[in-house]
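Below is one structure, written out as structure tokens, with a few remarks after it.
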């Protein structure tokens, strides 16, 4: 590891993955304040307030519209990266965050709930583009792919934790501060915009997409800090030569191509399972879950912050162990832990009337779900999407995986409040089933990809 390589990874993750995590959790603590604003605005406009069901639906739309924006961003990222390069695409997407921050920051002053929803959708567009951009192969040898590939997942956890800390009543958790709380996203975006131009473009993009061997060599010298980068250049040239007679595969072609059907199915299972595991329900509605579990209202913000600290530690464990234990053990263990803890939440909610101490079991299970997710499922699906396909198939695979990821994110964000109202404690059994099935699929189908080149991984599936 070299300072420039770590620096650019940290910078990209800080302005991209951290914002993604922040936007997942930022709507949790000010939920009641935002609902009160919606209700008051509606009353001013129409002379009557919103009923519980319409208000819940409007707020669920505010939460989940972020994912629809993410879907749009994930579909645009390929065009932006091809035209402007990875650095150029990230810089331009950072401008969207500044626009979104303005919408959300001035929404209450202008009495416009629509501005909150529009701002949330714009931040989603940014996160959709950047989450896939960050997951693209970074300029390093295969022995570092896992470590740096999981770096964004740590920043997702840091983003969630930042939102939980800033949402404390002593900071931005008060009613008058929620517009500022939502618009804090402009700070990391601005820093990324200012500093990203200090680093060269991705060597893989320069050589494979632009055929700029000199530029790729210079970038590798800068990132790897070594005069001998010929092995890495040769690996990329080998991939470029194999692509010279190939055309980039479309999504439709990818779905129909029998030689990669198991890779495609694996990407679909991992990305859909990542969101249908229930992690977004935990992040979006943590306070509501703890309130239903019987945790005193005054203790909920601090309990939530404690879960955030644990998820950061879990993310660090995953990042520093992935090259030692491999991808499969982390993702299988993570999904199994999430499944067991989801069932544990159901059991604790059913028994807490008779056994008051079961409320603390609920807290432990929520922590277990988050820790299990951050150790593997948070970052490994994006990493494996890059590792399972050659360059000709990778953009289409990202579109398939990203689309499923964001659609499932939107679905959970929108329906979870109503699922919780209708199914009660049993709603978590749905997530339990999803997690255990994904873990079983990975165990039976997906091979280990640690320290293997893209060609080797492709041959394993073939």
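Each Cβ is built from the backbone N, Cα and C atoms, and glycine gets one as well.
Among the features that TrEMBL reports, domain 'Major facilitator superfamily (MFS) profile' is placed at 9-450.
What TrEMBL lists as transmembrane segment is 57-81 (among others).
Beyond the ends of the transmembrane segment (93-111), by six or more residues, the same chain brings 15, 19, 37, 41, 44, 73, 80, 118-120, 122-123, 125-126, 129-130, 133, 178-180, 182-186, 189-190, 192-193, 196 to within a C-beta distance below 8 angstroms of the stretch. According to TrEMBL, the feature transmembrane segment maps to 93-111 (among others).
Per TrEMBL, the feature transmembrane segment maps to 117-135 (among others).
For the transmembrane segment (147-166), the list of distant contacts is 1, 5, 9-10, 12-14, 16-26, 28-29, 131, 134-135, 138, 140, 172-173, 181, 184, 283, 301, 304-305, 307-309, 311-312, 314-316, 318-320, 322-323, 374, 378-380, 382-383, 386: same-chain residues at least six beyond its ends, Cβ to Cβ under 8 Å. As annotated by TrEMBL, transmembrane segment applies to 147-166 (among others).
Proximity of distant same-chain residues to the transmembrane segment (178-199), defined by a Cβ-Cβ separation under 8 Å and at least 6 residues beyond the stretch ends, is recorded for 4, 7-8, 11-12, 14-16, 18-19, 22-23, 26, 29-30, 33-34, 37, 87, 90-91, 94-95, 97-98, 100-102, 104-109, 116, 119, 123, 126, 166-167, 172, 222. Taken from TrEMBL, the feature transmembrane segment covers 178-199 (among others).
The transmembrane segment annotation in TrEMBL covers 265-285 (among others).
As annotated by TrEMBL, transmembrane segment applies to 305-323 (among others).
With a threshold of 8 Å between CB atoms, the same-chain residues lying at least 6 positions outside the transmembrane segment (330-351) that come near it are 270, 273, 277-279, 289, 292-293, 318, 321-322, 358-359, 361-362, 364-366, 368-369, 371-378, 380-381, 424-426, 428-429, 431-436, 438-439, 442-443. Annotation comment: TrEMBL describes 330-351 (among others) as transmembrane segment.
If you look up TrEMBL, you'll see 357-384 (among others) marked as transmembrane segment.
Non-local neighbours of the transmembrane segment (396-419) in the same chain are 56, 59-61, 63-68, 70-71, 74-75, 77-78, 124, 128, 131-132, 135, 248-251, 253-255, 263-264, 267-268, 270-272, 274-276, 278, 280-281, 284-285, 288, 381-382, 385, 388-389, 427, 430; each lies 6+ residues outside the stretch with a CB under 8 Å from one of its CB atoms. Taken from TrEMBL, the feature transmembrane segment applies to 396-419 (among others).
Within the chain carrying the transmembrane segment (425-446), a Cβ under 8 angstroms from the stretch's Cβ atoms is held by residues 262, 265-266, 269-270, 273, 276-278, 281, 328, 331-332, 335-336, 338-340, 342-343, 345-346, 349-350, 384, 416, 419, all 6 or more beyond its ends. Feature annotation from TrEMBL assigns transmembrane segment to 425-446 (among others).
Tertiary proximity for the transmembrane segment (305-323) is limited to same-chain residues at least six positions away from its ends with a CB under 8 Å from its CB atoms, namely 25, 143-144, 146-147, 149-151, 153-154, 156-158, 160-161, 164-165, 168, 286, 330, 334, 363, 366-367, 370-376, 378-380, 450-451. Through the fold, the transmembrane segment (357-384) approaches residues 131-132, 134-135, 145-146, 149-150, 152-153, 156-157, 266-267, 270-271, 273-274, 277-279, 282, 286, 289-290, 293-295, 303, 306-307, 310-315, 317-319, 322, 327, 330-338, 340-342, 344-345, 347-349, 351, 401, 405, 446, 449 of its own chain, all at least 6 residues removed from its boundaries and within a Cβ separation under 8 Å.
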